[in-house]
Amino acid sequence: MALHVPKAPGFAQMLKEGAKHFSGLEEAVYRNIQACKELAQTTRTAYGPNGMNKMVINHLEKLFVTNDAATILRELEVQHPAAKMIVMASHMQEQEVGDGTNFVLVFAGALLELAEELLRIGLSVSEVIEGYEIACRKAHEILPNLVCCSAKNLRDVDEVSSLLRTSIMSKQYGNEVFLAKLIAQACVSIFPDSGHFNVDNIRVCKILGSGISSSSVLHGMVFKKETEGDVTSVKDAKIAVYSCPFDGTITETKGTVLIKTAEELMNFSKGEENLMDAQVKAIADTGANVVVTGGKVADMALHYANKYNIMLVRLNSKWDLRRLCKTVGATALPRLTPPVLEEMGHCDSVCLSEVGDTQVVVFKHEKEDGAISTIVLRGSTDNLMDDIERAVDDGVNTFKVLTRDKRLVPGGGATEIELAKQITSYGETCPGLEQYAIKKFAEAFEAIPRALAENSGVKANEVISKLYAVHQEGNKNVGLDIEAEVPAVKDMLEAGILDTYLGKYWAIKLATNAAVTVLRVDQIIMAKPAGGPKPPSGKKDWDDDQND
């Protein structure tokens, strides 16, 4: 009989064998802060237009080369629970605003780094948290006073493109003017009168070859597909959409047929042919000249479609089918029945075209009032086009934010330095120990212009001292000049480097909430990981290809 070994007294004896627990400042708080600092340091070098790219290979061995913090974090699959909280805050920023994810990480990391200094000199966690929350509220009070301009007309392509430039610059520095114009054209063309803009209505089609300057905007949809039949171009298209295969109905039972004469053999499939002919003719008689199907196309059905001059397009993706229905105003039919007028879609032209060496089917609306617009991106490599697509995504999300709130604040670290200056002054007036935390909160804002300066290769301390000097004189819109070879500053409003008010508001709020949540943790209790055999490493999950 095995000897019973008693567990050590204390918290551990209440837990299952193999469970771990950490408590106190040294074991829990400082450990969590260290993990968050490491994560923030990773993405900090990717901040701003001159940020470095990260090469990430995910669990499916897919390669990502990008400086987009949201993509990096999504593919890294962070496991540490405290670092995960900051990752979740950045995901919330992406859902709420669509841009500014790296700001959340860098700012939250700076807040925690400075909180550690305060804790080590003797402040309690509750005093640091209270100071941070007071400072966050103060920052939100100050922020409306820093608004330098507002978007006047969101239906003017030139004005919109100038406002989108900054968000694209951080991903595609050098191509921002061209891309901003493309995105502005796409967004303005489908911006409804109601003012409710849906980002899913801007589609991106990536076609390998040529260069980024060959990219274009189409009002309608583009699919990397070929037509099934002989008809490759239709003007004034009336479109019937089917979610079923374009084929005759067959019984599920199997049967054996005895054929005795040559005449019986000749007439054997004639009934099936006549039925298929009648079905396709009925569709053609409704006026439909384009059929889009979500299933396979039978050879016999294809023959009759060619006979009645019907253009056939097959889309394998049900999402593409839904988007096409939305674009052309059609209803997807589950059975091969003739569509009524209300179920048919319409667009100005459907044609098979060649972009580079890729065949594409284009559903085009000549008038700029279509429900969906497509940006056709060209590029030399897939990774480059993926990165351009992320820049387009940021630009479209910025337009969406501007439809909700047209206010803009100066970029380039100008807003952060002004907030730091004013919150520091406010901290001086606070009597309690919270004033130290309030001042550290203000100091954390310096992390943003510091990251911009370091990534641009100039001395950060010189830049920050110059910014403070200019802001003390009352120039609220002056920020870092990233194009200068020496530490220099310039007016961000004149340079057109502007951030959305909502983006800044939510980034400060979410970063502070994440930092405070991490600081509130004083114990970590981890159950023993579940046992059992590990899944074989060579085989992938059946649904892994969907995540790719």
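Here the Cβ of each residue, glycine as well, is placed from N, Cα and C on the backbone.
Per Swiss-Prot, the features are:
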BINDING   Asp99  Mg(2+) binding site
BINDING   Gly100, Thr101, Asn102, Ser170, Lys171, Gly412, Asp499, Lys504  ATP binding site
CROSSLNK  Lys224  SUMO2 cross-link
CROSSLNK  Lys254  SUMO2 cross-link
CROSSLNK  Lys260  SUMO2 cross-link
CROSSLNK  Lys459  SUMO1 cross-link
CROSSLNK  Lys534  SUMO2 cross-link
CROSSLNK  Lys539  SUMO2 cross-link
MOD_RES   Ala2  N-acetylalanine
MOD_RES   Lys318  N6-acetyllysine
MOD_RES   Lys400  N6-acetyllysine
MOD_RES   Lys466  N6-acetyllysine
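Around Lys466 (N6-acetyllysine), taking its Cβ as the centre, 17 other Cβ atoms fall within 10 Å, counting all chains.
In this structure, Asp499 (ATP binding site) is part of a beta strand by DSSP.
Spatially close to Lys171 (ATP binding site) yet at least six residues away along the chain are Thr66, Asn67, Asp68, Asp387, Ile388, Arg390, Ala391, Asp394, judged by Cβ distances under 8 angstroms. Of Asp99, Lys400, Lys459, all annotated as recorded positions, the residue with the shortest Cα distance to Asp499 (ATP binding site) is Asp99. Counting other CB atoms no more than 10 Å from each candidate's CB, the recorded positions Lys224, Lys260, Lys318, Lys459, Lys504 peak at Lys504. Closest to Ser170 (ATP binding site) by Cα-Cα distance, out of the recorded positions Lys224, Lys254, Lys260, Lys400, Lys466, is Lys400. Within the group of binding-site residues (Gly100, Gly412), the Cβ with the highest number of other Cβ atoms inside 10 Å belongs to Gly100. Note on proximity: of the recorded positions Gly100, Thr101, Lys254, Lys459, the one nearest Lys400 (N6-acetyllysine) is Gly100, by Cα distance.
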